[in-house]
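K.L.:
Supplied in structure tokens, the structure appears directly below.
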């Protein structure tokens with residue numbers, strides 16, 4: 001537990017945009033509560049034991065491929081020998097909060113004279129030939145193009161970016177904003193996955209306390225069915241930025257205090273006031289960035305949580321009226337339980353109790369399902385449909401009789417009989433709160449909402465036929 005107490009060497013007085021709310025040191029009771037919190041979290045098996053991501057092995061493969069490509073392109077030998085190549089893990093793995101079964105995100109950086117297409121064809125083929133690699137797919141059309149694969153049972157997502165140089169040095173500093181100057185927007189997005197997570201780590205006063213507090217918040221969000229960026233809730237980066245902001249304003253607090261303050265602060269937060277960790281440096285690189293003073297669409301965002309790297313973006317752009325209401329409800333519930341924990345009237349396990357979806361919602365749409373016949377694209381298509389379900393929620397919200405729509409963040413296999421007869425299907429559940437006093441006597445027509453959603457999904461499915 002010694003690691004829970006902060007270190008003071010070279011600690012600046014202020015992190016982030018404002019000074020601290022409190023610099024109080026942990027008291028014995030805070031340390032006791034932290035022990036109890038850690039014991040509770042262990043019972044949920046949130047820690048990944050002995051995860052060895054063969055980063056160096058993969059990087060060596062990537063470097064070999066770069067040299068092979070240089071030879072094919074008749075690049076001068078002196079350039080080929082110094083071409084380099086780097087792989088940077090990012091996301092939850094880089095933040096130090098990776099959980100069992102979660103994907104590992106990694107950024108591959110190559111020299112600027114290459115074509116992006118080569119990564120998704122030539123390097124894809126080289127990866128596919130490795131005996132360690134299974135279930136490999138290239139998704140070049142994604143917002144952030146990616147190669148997904150399983151490396152000795154570990155799920156890895158590889159993104160690619162080109163450096164505007166002839167070589168990739170070993171001491172490359174990706175936080176230097178000039179990295180994203182005059183490059184393809186897809187490369188900017190790929191770079192910023194790493195830049196954002198690295199910047200978050202640099203902007204918290206105590207990385208260990210941040211990591212444990214973030215693990216606790218991620219566990220809570222998953223247990224309460226509000227962990228999903230695609231479905232309009234919050235994803236890993238959003239939760240990380242929120243926890244990091246609490247760490248900034250309580251720089252000496254132990255983990256249990258950080259979790260308690262998280263719920264207290266955000267139960268009082270007035271949205272859409274944005275959450276920021278730092279004032280991002282202004283660069284005239286002609287890249288789109290989040291700025292409600294300039295961009296009219298940014299003014300419509302309900303729960304802005306802003307990345308701390310240029311070009312700054314809103315990580316919670318998918319939040320809707322329904323998901324904001326659900327998030328606020330859950331944060332207030334967390335705050336109430338934390339107050340009881342402080343008063344020794346509740347245990348940490350109560351915070352992490354799982355939501356009973358069918359008990360919470362009187363009306364649950366159980367047949368939002370898609371039959372998927374194209375086995376080779378099954379994972380990709382399920383992800384595609386999932387990314388469009390929030391559009392269904394937005395159409396449901398426009399129905400005057402629907403007060404709130406909550407999509408369960410996990411997809412379920414369709415009924416066995418239906419799968420046996422019609423092929424494999426996937427089903428999503430949507431809980432509804434109706435805006436009527438006597439709903440049994442009121443006929444609610446949702447057919448138009450589902451018809452719109454089905455037509456959109458069929459349009460995107462047509463690209464795979």
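Note: Cβ is positioned from N, Cα and C throughout, glycine not excepted.
Just so you know, TrEMBL annotations are computer predictions that nobody has curated.
Annotations for this protein, taken from TrEMBL, read as follows:
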- 103, 105, 157: Mg(2+) 2 binding site (BINDING)
- 103, 105: Mg(2+) 1 binding site (BINDING)
- 1-12: compositional bias 'Polar residues' (COMPBIAS)
- 16-204: domain 'Poly(A) polymerase nucleotidyltransferase' (DOMAIN)
- 209-354: domain 'Poly(A) polymerase central' (DOMAIN)
- 356-421: domain 'Poly(A) polymerase RNA-binding' (DOMAIN)
- 1-21: region 'Disordered' (REGION)
K.L.:
Quiz question: given the binding-site residues 103, 105, 157, which has the greatest number of C-beta atoms lying within 10 angstroms of its own C-beta?
P.N.:
105
K.L.:
Could you say whether, by DSSP, residue 103 (Mg(2+) 2 binding site) belongs to a helix, a strand or a coil region?
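P.N.:
For residue 103 (Mg(2+) 2 binding site) - judged by DSSP and reduced to three states - the answer is coil.
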K.L.:
Report the residues of the chain - excluding 103, 105, 157 - with C-beta within 8 Å of the mean position of the site's C-beta atoms, for the recorded Mg(2+) 2 site, in sequence order.
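P.N.:
Apart from the listed residues, the neighbours are 91, 104, 106, 146, 148, 155, 156, 158.
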K.L.:
I'd like the per-state residue tally for the domain 'Poly(A) polymerase central' (209-354) from DSSP, helix first, then strand, then coil.
P.N.:
73 helix, 6 strand, 67 coil
